[in-house]
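This report concerns only the one structure given below.
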Amino acid sequence: MDETTDNTTKNNSPPTDSSTDEDPAEDQNRSNSTRNKGVVSDSRNKKTDREGNNQTVEIDAAETGRDRSSPRFDFDNVLNEGENENKGLFDDLLAGEPIFENKEVLRPSYTPHELPHRTDQINQMATILVSALRGETPSNILIYGKTGTGKTASAKFVSQELESTSQKYDVPCEVQYINCEVTDTQYRVLAQLANKFIEKNKNAIDNRLSELKSLIEQVTETDIDVETSLSETQFTTVSGIESRIEELESDTAEMEPVPMTGWPTDRVYTTFFEAVDYSERVVVIMLDEIDKLVEKSGDDTLYNLSRMNSELKNSRISIMGISNDLKFTDFLDPRVKSSLGEEEIVFPPYDATQLRDILQHRADVAFKNDALTSDVIPLCAAFAAQEHGDARRALDLLRTAGELAERGQADTVTEAHVRQAQDKIELDRVVEVVRTLPTQSKIVLFSIILLEKNGVHNVNTGEVFNIYKRICNELEADVLTQRRVTDLISELDMLGIVNAVVVSKGRYGRTKEISLSVPIDETEAVLLSDSRLGDIETVQPFVQARFDN
Ligand SMILES: Nc1ncnc2c1ncn2[C@@H]1O[C@H](COP(=O)(O)OP(=O)(O)OP(=O)(O)O)[C@@H](O)[C@H]1O
């Protein structure tokens with residue numbers, strides 16, 4: 001048992017068998033009462049949370065029959081009273097053996113130190129970027145691969161290594177990471193880069209200023225003549241140092257950060273250009289999700305960045321673009337395309353065996369010993385391999401399975417937890433997709449749900465359209481044409497929410513048979529949580545529409 005559990009057991013007695021059989025509502029009351037008692041004992045809480053807690057004090061004191069005027073509440077007594085009475089909200093949850101040793105390791109934000117099955121790609125990147133450590137410009141790199149294939153993790157790993165080696169050998173080389181899903185316009189990309197370099201320049205200037213100021217102090221305080229004491233520096237006189245200080249102070253005063261909006265783009269570009277060229281360095285600009293930038297604001301940013309080297313005097317820049325859309329370069333200007341794709345590295349999807357290795361490495365750190373039954377990792381790997389070999393999905397599954405086991409106070413994570421986790425993740429995805437659908441699609445989906453709920457399966461477009469019209473009238477929403485509704489059904493099909501198959505009806509032509517591919521009750525609940533659709537209360541009459549028309 002680890003230290004945390006030990007302490008918990010010492011301070012709060014573990015639940016006895018009898019306590020676990022008790023009425024949960026009663027337990028809750030008791031835990032509330034314990035919490036309220038805690039409030040009574042802590043005078044600081046009374047000050048910060050006065051109104052509500054004073055109320056609590058009165059009830060509590062009356063219930064317990066204790067003297068309210070007593071200067072200190074006997075808190076220890078509360079803890080040591082009957083063990084069942086004092087079970088707080090978290091006691092039960094803490095009582096079980098923890099399953100995780102370090103759950104953070106399974107989160108997407110964690111950058112692993114080891115990336116199994118990516119050695120080739122990492123070495124390829126390193127071979128290209130090593131030029132930066134020699135003061136030369138590395139070729140631009142484009143990294144492709146489906147989601148969750150380790151592109152970002154590998155690129156970040158290589159960047160960290162590059163920066164730490166550059167510090168070791170004192171070579172000025174930096175990597176700037178930009179997530180283009182968030183920073184998706186030329187203005188924002190350039191502004192973010194400009195501000196980063198302005199900040200770096202200002203820091204470097206501050207350091208240099210303090211060096212120069214202490215140099216002046218040393219020179220003026222010593223008896224040795226100025227020339228000798230400055231012999232190892234670039235200066236010969238104190239006034240020389242002073243004018244350098246003035247120069248640096250005026251440089252830093254001129255470095256004005258770019259506001260988030262409002263400047264003309266060419267001014268932002270010039271500010272970035274001057275900031276990056278202020279000192280000698282090689283800069284690798286890592287543009288993650290580069291396709292999103294091109295999709296949102298064209299290829300101007302890439303064009304401007306890729307032609308900068310011909311004008312920069314002191315610095316050099318190189319671009320590393322990361323994309324999971326293999327086709328995005330089709331939309332680029334040919335010059336940008338050839339400059340950006342000087343080197344291309346492909347990240348293939350992981351297979352189940354590779355995913356197993358990746359999961360095992362993480363699980364060794366994330367979970368306590370023997371917390372996983374032997375089939376957990378292979379099953380997570382198999383599920384994720386089915387979904388285009390996505391390591392993110394595999395890690396999510398493993399973490400969610402662990403959390404479900406922890407919530408159920410199980411001692412080990414089992415295959416059943418993985419299956420539950422798979423369902424939960426799938427449901428979360430559906431909920432998210434349905435929640436963010438446009439209102440018209442929601443109405444179409446709601447029509448399909450209504451038909452299914454009333455026992456009408458494999459509905460056709462006409463039937464959906466009839467119900468749809470009725471709901472629109474009820475909601476006072478615009479009614480789209482049947483053709484548009486058919487398009488919306490196709491979109492729902494592409495999102496995996498419904499399954500629409502075209503069937504031939506002989507001489508009556510062809511029609512679509514539509515069925516729901518997601519859990520009906522949960523989907524309905526998400527739809528009804530939309531304030532517009534929530535108004536529909538009398539659902540039953542609508543189904544008649546199928547037969548009315
Ligand atoms: N070889 C690996 N070893 C360990 N962890 C990995 C490996 N490959 C990917 N991962 C992990 O999988 C998750 C997804 O990886 P990453 O973000 O690098 O994928 P990506 O290819 O950039 O995906 P996207 O295109 O969706 O951004 C991260 O948590 C990462 O740490």
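Note that Cβ sites are derived from N, Cα and C of the backbone, with glycine treated the same way.
As recorded in TrEMBL:
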type     : residues                                 : note
BINDING  : T149, G150, K151, T152, A153, Y350, R362 : ATP binding site
COMPBIAS : 1-18                                     : compositional bias 'Polar residues'
COMPBIAS : 43-52                                    : compositional bias 'Basic and acidic residues'
COMPBIAS : 63-75                                    : compositional bias 'Basic and acidic residues'
DOMAIN   : 137-351                                  : domain 'AAA+ ATPase'
DOMAIN   : 445-527                                  : domain 'Cdc6 C-terminal'
REGION   : 1-77                                     : region 'Disordered'
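Distribution of TrEMBL features across the structure.
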residue: T149; record: ATP binding site; Cβ neighbours (10 Å): 25
residue: G150; record: ATP binding site; Cβ neighbours (10 Å): 23
residue: K151; record: ATP binding site; Cβ neighbours (10 Å): 23
residue: T152; record: ATP binding site; Cβ neighbours (10 Å): 21
residue: A153; record: ATP binding site; Cβ neighbours (10 Å): 19
residue: Y350; record: ATP binding site; Cβ neighbours (10 Å): 26
residue: R362; record: ATP binding site; Cβ neighbours (10 Å): 23
According to DSSP, T149 (ATP binding site) sits in coil
Three-state secondary structure, Y350 (ATP binding site) (per DSSP):
coil
